[in-house]
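As recorded in Swiss-Prot, the features of this protein are as follows:
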- 7: active site (ACT_SITE)
- 68: active site (ACT_SITE)
- 141: active site (ACT_SITE)
- 7, 141: Mg(2+) 1 binding site (BINDING)
- 68: Mg(2+) 2 binding site (BINDING)
């Protein structure tokens with residue numbers, strides 16, 4: 001199974017493509033950062049994210065897309081812009097025929113490190129360890145995206161029975177805790 005993990009942002013969007021069986025043999029196929037110029041209009045930046053991710057989907061043909069849910073801070077304009085980026089990514093996934101699943105940051109951290117409140121440095125270290133990378137990818141947007149892909153593989157990507165999203169709602173939590181336990185017996189105490 002191949003999963004494209006995305007950490008969306010209006011100025012920097014991290015992506016990570018990971019293959020794996022949902023248990024322990026994970027491999028990073030590609031990762032990087034779509035860095036956007038802040039002086040370009042927001043519409044142009046959203047279009048660039050769509051275009052670059054579309055090329056990536058066409059090239060690597062992931063089975064699934066996993067996206068981190070939005071963190072809503074105090075800045076309403078930032079939240080709106082992030083929502084537009086996420087909407088473009090969801091539309092791209094739908095247009096490409098690739099199911100999309102959402103995971104909260106705490107869920108990603110818990111899947112990768114065992115702690116929902118883990119620091120970004122801990123997530124980055126564990127991502128590099130799980131993917132047998134010689135160094136930790138930078139910046140955190142990239143390791144977060146790889147973590148989202150790993151979370152999806154650990155939660156639902158191990159060939160376990162799962163409910164497929166109909167693209168009308170988010171996919172987060174579709175597999176459930178029971179599927180995670182069955183897919184990852186070595187991670188449960």
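Glycine too: its Cβ is placed from the backbone N, Cα and C atoms.
Remember, it's a predicted structure, so these values are computed and weren't measured experimentally.
On its own chain, residue 68 (active site) has 5, 6, 7, 8, 102, 103, 104, 105, 108, 144, 145, 148 as residues at least 6 apart in sequence with a Cβ closer than 8 Å to its own Cβ.
Remark: residue 141 (active site) has 7, 9, 12, 13, 14, 33 as non-local neighbours, by Cβ distance under 8 Å and separation of at least 6 in sequence. Secondary structure at residue 7 (active site), taken from DSSP and collapsed to helix, strand or coil, is strand.
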